[in-house]
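The structure under discussion appears below in the form of structure tokens.
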Amino acid sequence: MKRIFLLIATNLAVLLVASIVMSILGVNTSTMGGLLVFAAIFGFGGAFISLAISKWMAKKTMGCEVITTPRDSTERWLVETVARQAKQAGIKMPEVAIYQSSDMNAFATGPSKDNSLVAVSTGLLYGMSQDEIEGVLAHEVSHVANGDMVTLTLIQGVVNTFVIFAARVVAGIINNFVSSNDEEGEGLGMFAYMAVVFVLDMLFGILASIIVAYFSRIREYKADEGAARLAGKGKMIAALERLRQGPESTAMPAQMSAFGINGKRSMAEMMMSHPPLEKRIAALRAS
């Protein structure tokens, strides 16, 4: 109940702040053009702010410990492997970090190819062979080299804009319909209108998440292909086979899970950020 209240309160606060900002900027959201500007500013703005602080957020939320000076042979091998793969991929050396988790997982994040972070869990580091880990690292380096963080940020910005724009257009249509059938012609009223917008934001948001998940799955196949080139097809397949045999991964924060090696499994594949491991293995074997 508390989470629902916070979600509603946050949404209303965002709407209030957005309205104030648009008023200051002189943008008239009662027109389609003004509404589209409003939607684009907040749709892309939120996505790019998330991208800009992605490394900082990852370190804070996942408790990542960046390896500045390797403390043992395992950390030294980890850093050297990422450095070698980054050079092969033609990108600047990412920061390398370890985070405490029993899950066998890893992720890449960062605002650009030259400002990125590759992090692995302790569960993966001590639960896989070096060949398997090399495949995982190559997958994450490929995400960085392919510019997937920026690509998905642009996609997220587009769908955010759609959600904000469509929700308010539909809410306006509903408001006009109610107003035309109301003797006083008052329509929904401010709070009812905001409630309708909130519900529509949630509904369109579900549709948007399906679209983003679809593109995320495509990028996963591309990262697997890149990993096969950097580390060898056998190592990438071995890593995926090892993940398939292990327990289901618990969910990471959304901004990291899209670029993780192991996504959360779901009955509805269209909601998954990662294709099923069986399909990824089959795609690699067929390539």
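A Cβ is built for glycine as well, from the same backbone N, Cα and C atoms used for every other residue.
Feature annotation from Swiss-Prot assigns transmembrane segment to 4-24 (among others); the stated evidence is sequence analysis.
Summarising the annotation, Swiss-Prot assigns transmembrane segment to 33-53 (among others) and lists sequence analysis as the type of evidence.
Summarising the annotation, Swiss-Prot assigns Zn(2+) binding site to His139, His143, Glu220 and lists sequence analysis as the type of evidence. A simple way to gauge crowding: the CB of Glu220 (Zn(2+) binding site) has 26 other CB atoms within 10 angstroms, across all the protein chains here.
For Glu140 (active site), the Cβ neighbour count at a 10 Å cut-off comes to 28, with all displayed protein chains included. Taken from Swiss-Prot, the feature active site applies to Glu140.
Taken from Swiss-Prot, the feature transmembrane segment covers 154-174 (among others), and the record attributes it to sequence analysis. Away from its own ends, the transmembrane segment (154-174) comes close to residues 29, 32, 35-36, 38-40, 42-44, 46-48, 50, 188, 193, 196-197, 200-201, 204-205, 208, 211-212, 215 of its chain (Cβ-Cβ under 8 Å, at least six residues beyond either end).
Residues or ranges marked as transmembrane segment by Swiss-Prot: 195-215 (among others).
All protein chains considered, the CB of His143 (Zn(2+) binding site) has 29 other CB atoms within 10 Å. A distance of 10 Å separates the Cα atom of Glu220 (Zn(2+) binding site) from that of Glu140 (active site).
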